């Protein structure tokens, strides 16, 4: 067992003895160890390389070199792919014309990511669950394409604000800094530059007891200590729950022939929900730890609350309570992997003219990888989203008459959302076609059929059509208002 684990690891084997003791793959041990090291370096980075003491050049250099060191420790020579992907995309940005630069950059960056995913999955280690070098490349892909679109939009006077092409050092620092090289999250280039240059902390008005500004400014730099400690506690709890339950409630057990034949269907539904509930803390641990690392370095400040306390959720990737108590499919997705959802919205949903929802789900599947289960999950997600919209627009109004009816609706939609999410995500965990289809058969494709019936029975206008109708309605109201004003003016003149 230990020999196989060592052979499958492309990074350092220095921590192999610890891996053998705790019975976890060494690459996962390397990942956690590097993230804890990054947390310590983040504290050191904020104290000793503070913007008031150190130039942006030095901060860029240190952040980049530390990032490369962590990548080499975890992934060995495979981390060179991070440089190749960044170098190719930077060349596209430099030499391609502004009009199509973002499109070429998107194709090259995503294409290189997919080629690496194909090689890793179908050439080397199909079905490997442990850490792999394409994980960081997924985040780098988001950063590269986000920057390309920001530059294009800024130069063409659209919605972006980035109008300056970064230097190569700034570019590598943004993509490969030690705070986000292993687990992200993705962030805006302008936000990252503000952090490096020390301009992300803006003075704010203090409020008096009545909640009104008293004209005084709070000059001290906000502290992230409380937020970092809180997030580290969340990490510890999440890791403990995951390690305790992941082996007791494996998702694969839900397609076991003996389990399916001997277990009533309603208990199969409950088991799948509990299995997914036990799996999610792994992601809570990884993303919350990544957020804590960035906050410890001073990155992630997002202004102040009404009571004057600082907010450190600029690049947070999830809201756990909103996920676990989500009462709609959309609410779950909006609070899960938040930065990826924002990236998909910016680069695809807001720009695609034909069926943006389906295009966004398809892009998400391509970005995640080449396992067939990913595509089954996101194709099912399209049907789930359409059905959820139909239910919300047609059924929800009947439950808004009283508080008790609202609570009943919330309970029903919470249960439905959790079952729908578990059903949708099962192929994402099972990965292969055979187990995924076996799972669907064990559930008799019931939610697929239910979604089809709901969409056919409760049609809903597309959001673009609704937005257009609202805009037309506003124009009509404005026209009526102007007509009324003209009539009033004519009457005044006549009198």
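Positions of Cβ are set from backbone N, Cα and C atoms, glycine also.
Per TrEMBL, the range carrying the annotation transmembrane segment out of 374-391, 392-409, 464-481 is 374-391.
TrEMBL assigns the feature transmembrane segment to one of the listed ranges (8-28, 29-49), namely 29-49.
Same-chain residues lying 6 or more positions outside the transmembrane segment (29-49) and placing a CB less than 8 Å from one of its CB atoms are 9, 11-12, 15, 18-19, 22, 58-59, 62-63, 66, 70, 73-74, 131, 178-179, 182-183, 289-290, 292-294, 296-298. Contact counts against the transmembrane segment (374-391), taken as Cβ pairs under 8 Å, peak for 442-460 among the stretches 61-81, 101-123, 411-430, 442-460. Counting only same-chain residues 6+ beyond the ends of the transmembrane segment (61-81), those with a CB under 8 A from a CB of the stretch are 10-12, 27, 30-31, 34, 37-38, 41, 45, 49, 112, 116, 131, 133, 136-137, 169, 172-173, 176-182, 196.
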